[in-house]
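Everything below concerns the one structure shown next.
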């Protein structure tokens, strides 16, 4: 069975908001633009049933596929919330790198292709990312029950009381986010890194409060260590409060240890899932920084000198060499290295969703094509990739790191 990722202006206009994210009747397909036609290569689907779930995931994440879009959905950790395995992030892009018109087009195409998860933060573009996201959601008039919005709280302003994870800032910061988003609630509010100045009990109580007040459905952590997450869970259980359901963590071919050795243990013990970001290592895996830093690329932006240095460093050059070695595998699967890298992230135990960062429709469609690659990542192929990378973590590492 082959799933066509078709998207044209006509199909976008013809489908009502009630149809989106719901199975639709097949069309003639004459006006559709398939993934293959947008230059992106996808693997032959005849080899395996597209709905077949990898054995690695079948006993871990309950996964389903909507035939009309090909999108896969998973539970967020062991909660009941169903999220698309690919989500759309807004870091760097919304309110900054791209225009509001481009942002709207990206959200529309993503939503039409089954993406139901949109991630942002109060700090992104000094709040403009939330404003842009909220403005688009209001304009599109999609059913609020059909999508998931997540935001992150920590850096809200310059005043001492406008940042961190104090009860004051968690509550006031989330209220500010809701105002910018023009929403009554967010589905998940994340603590955007740990705050050493705020007691854990205060953080958990504040998160429980905003959930009980209807300002959020769930709460999670971002850039927290496994020990910190376990402490939050223990505090929640001790005082009959609400524990976190998810950790946002960086995860890609060259950043593996936390997601592969620490978070799976938390998933099995306390049900905390993983929502991962930067699957392409801020573009390093795409090959755009092989020789120089292109204009208008992320590494050329003000404040991203660290990325430029990383791209041209000796370590960056070694990583480029590893990526080149992955090309034959991608060729065998009839996909791009970008699609292979994203599918590789999706195959990891306990990963509920991978957040995408894109600045144009072509990138988005290519990234979405990773879903078709996922069923073809056999244990043998994963082992072959591990041998090329040479960085498979020791599964017995101390989870306190």
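Heads up, the Cβ atoms here are built off N, Cα and C, so glycines get one too.
As written in Swiss-Prot, here are the features:
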type	residues	note
COMPBIAS	1-14	compositional bias 'Polar residues'
REGION	1-49	region 'Disordered'
COMPBIAS	32-41	compositional bias 'Polar residues'
BINDING	90-91, 97, 119, 192, 222-223, 248, 277-282, 288, 298, 357, 359, 363, 366-367	NADP(+) binding site
ACT_SITE	124	active site, proton donor/acceptor
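A 10 Å cutoff on Cβ-Cβ distances gives residue 278 (NADP(+) binding site) a total of 21 other Cβ atoms nearby, all chains included. In this structure, residue 119 (NADP(+) binding site) is part of a beta strand by DSSP. Using a 10 Å Cβ-Cβ cutoff, residue 119 (NADP(+) binding site) registers 27 neighbours.
In the three-state DSSP classification, residue 124 (active site, proton donor/acceptor) falls within a helix. Cα-Cα distance from residue 278 (NADP(+) binding site) to the residue listed as 'active site, proton donor/acceptor': 15 Å (rounded to the nearest whole number).
Listed in sequence order, 252, 253, 254, 255, 319 are the same-chain residues six or more apart from residue 281 (NADP(+) binding site) with CB atoms under 8 A from its CB. With respect to their backbone Cα atoms, residue 363 (NADP(+) binding site) and residue 124 (active site, proton donor/acceptor) stand 21 Å from each other. Look at residue 90 (NADP(+) binding site): DSSP puts it in coil.
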